[in-house]
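These come from TrEMBL:
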| type | residues | note |
| --- | --- | --- |
| DOMAIN | 17-90 | domain 'AGAO-like N2' |
| DOMAIN | 104-208 | domain 'Copper amine oxidase N3-terminal' |
| DOMAIN | 229-631 | domain 'Copper amine oxidase catalytic' |
| ACT_SITE | Asp306 | active site, proton acceptor |
| ACT_SITE | Tyr390 | active site, schiff-base intermediate with substrate |
| MOD_RES | Tyr390 | 2',4',5'-topaquinone |
Amino acid sequence: MDAIVALTHPLDPLSLEEIAAAVAILKAAQALSATVRFPIIRLKEPTKADLASFRQGICLPRLAFLLAMDISNGETFEAIVDLKQSTVASYVRLPLDEMPFGQPPVMLCEFETIEGTVKSDPRWIAAVKKRGITDEDIPLIQIDPFSSGYFGREFEQGKRIVRAVSYWRGDIRDNGYAHPIEGVVAVVDLIANEVVDLHDDEKIIPVPKKKRNYGRESFPETRADLKPLHIVQPEGTSFSVDGWKVEWQGWSFRVGFTPREGLVIHELGVDDQGRQRPVIFRASVTEMVVPYADPTANHYWKSAFDAGEYGLGRLANCLELGCDCLGQIHYFDVPAADDFGQPFVMKNAICMHEEDYGILWKHYEFRNGIFEVRRSRRLVISFFATVGNYDYGFYWYLYQDGTIQLEAKLTGIIQTAAVANGETYRWGGMVDDNLGGPTHQHFFNARLHMDIDGGGNTVTEHDFVPRPWGEDNPYGNVFDTKTRVLKRELDSPSLANGETGRYWRIQNANVTNSVGKAPGYKLVAMPSPVMLAQPESTVAQRGGFAKKHIWVTAFDEKEKYASGDYPNVHAGGDGLPAYVKQNRPIENADVVVWHSFGHTHVCKPEDFPIMPVEYTGFTLKPNGFFASNIAMDLPPEVNRHSIDNRLEASGDKLAQSCCGK
Ligand code: NI
C-alpha cells in the first residue's frame, strides 16, 4: 500500500487516493453501515518533534483522521487510519450524549433534508400562513438551517439539532434576506428528521416584500466612466512553487488545508543573509463566531461558529469563476472528501499572487541630492468561504521587510429582521422599509504555533507608560515601556489597549541578536471590543476565546481549536479558557499564541443588499529579529509604465516616467 503515498513531504494534505484508501480501510475494518457519513477527513499532521526526526532521515507514518457519524443513530467515532500499514490505528466513540455534549459539524447532505422536514411540518405551515404566506409561496420559501446554540433545553441535550429560519422569495433568484419571516423558528432533530419544537410568536409582523436584489440583472445601468486597469507581469512571478512548498523573496513555507480551518501555513521561515530562520511552525484560523445581540425569537440563539459548526475549509469557494485578484495568479487545487467519504478536487480553492503595496522605504537628502525610494511588494495567499449569508476572505500577506499579516475580509449579506409598519427596530439598525439588521459581533481566532529561531520561545507583554516627574525626568518628557513576562498560562489571557499601545513580543531568549538581545517578532493587535455578551451567557461560555485578545498555551497536540473540538450544540467551557486552566509553564517553552480579533457590527443602510468589505486582522513585525532593514538590497528600478498625466493630456507621446528617467 506504500504506493498510495506519492507525496513528497509529511505535511502535504491527503491526496485523493489517500482519502479513498483511508475511507475504504476504515469501512472494511469496522464494517461500517451505509448510513455512516464523514463530517471530517484530514491529514493527522506530524508534530514539530516528528518533523525533526523526518529531517534526520527517519520515516514517519502517514496517518489520516476521520470523523465517522452514523446518521441513523448519531453514534460518532474518531478514527486514525495508518495508510502505510493499511490498518485502523485507533477508533474511539465520542461521548456526545453526556455533558457538555457537542456534535460534529453540520453537513451539506443534511442541509438538503432539513428543508423538506420543515416544509412538511403542519405547525410550521400554519405559522407561516398566519403571516400571509400562501400554498403557492411555500415551494419558493428559503429555509436557513442555522447551528442552534445551546440553552440547556431537553431537545438540545446530546441532540443533533439545528434551528431553521425562513424567508419568502418572489422567485428563485430573489434575495430572501430582504423578506424574513419573523417570529417562526423550527428546531429540527437531524437524526429523527423531525421538527422537535416550533416557535410561533404571538405578535404577527408582516413579511417585508420590497425587492432588494444584487444579481447583475438588477443593475442594468452600470457606471460608464471606469477605464481598464491592468496588472502586467511580463517576466512572470517572483515566487516559485514545488508541490505544496512556496518560496518568495527569502520567505519559505508549505501550504496546507483542513476541512475546519481552510488554509494552513506550515513551517514559515525567512532568509537572513543566507540562513533560513524559522518564525512560525503552523498558522491558521481555528474558529470564528458571530453572536447576535437581539433577544427575540428569530435571533437570540444565533451564534454561528463557522469553523467548528460548519467548516471554513468545507465551505471554501472554488475560484473557477475567477477570483478578485489581479495579476498573475497561482491556484492550488485542494483534495477533499464529501460527506460520504468520496474524494473530489476543490478546484482553485487557494489563490496566491503578488501585489504592489505602495512605498516600503524612502529618503531624500537635500544636502547632497541623494534620493532613494523602493516600492513594497507583498505575497498574498488567500481563500474565501461562504457560510450561509456571510462571505469571509482570509488573506495572509508576506512582505519584503519580514512582516507577516493576516487580514480577514467580511462581506456578503447581513442577517435581517422584519419590522412592523410604524415601528423602528430596537436591536440594531434599519436598513430599508420594514427591514432591520440585528447588531452582532464577528470574532476570529488565529492559532500561531511559534518557532522563533527554533527552540524555546517566550512571550512578553509591553505597555507604554508615562514616567513620573523626578531626577530622571526633569522635563517631564520621558516615558517608559513596561514589560511583563508571561510565565504561566494563566498570566497570558490579556486585552489589547489602545491607550498604552500594548503589544506582545514572541522571542527566543536562547539566541542573541545583533544588539545583544533575544530576537523576536512583535504582535500588533487592534484594540477592538471583545465579546460583549454577559460572561454567564451560553454564547460567552461556548465562545470564551473571544473574551480576551491574547492567550498563550504550552503546545499540546490535542489543543487545536480556540472553541474546543466540537462546539456544535455544546454546553460550553471548552477551548482556550479550559486549556489555560492547566496553568502550564510557558516561559522558554514550545508555545502557541492564540489571537482573537473581530469586528462589532451595527447594521446600516449601506450594508444592504451586499455589504462592502469590512477588514480586521493583525500584524507580526520583526522586532530585533534582523540586524537591519533587510529590504535595503531591493533594486532601484524605475517603473517605465508610469506616465505623467499632464504630459499625456497635452498629447506628448514622449511622456516621461514619474521617476525621472
Ligand atoms: Ni457583520
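The backbone N, Cα and C atoms fix where each Cβ goes, glycine too.
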Could you state the CA-to-CA distance between the residue listed as 'active site, proton acceptor' and Tyr390 (active site, schiff-base intermediate with substrate) to the nearest Å?
10
Give the number of CB atoms, excluding that of Tyr390 (active site, schiff-base intermediate with substrate) itself, located within 10 Å of its CB.
19
Please count the residues of the domain 'AGAO-like N2' (17-90) that DSSP assigns to helix (H, G, I), strand (E, B) and coil.
22 helix, 27 strand, 25 coil
The domain 'Copper amine oxidase catalytic' (229-631): mean pLDDT?
96
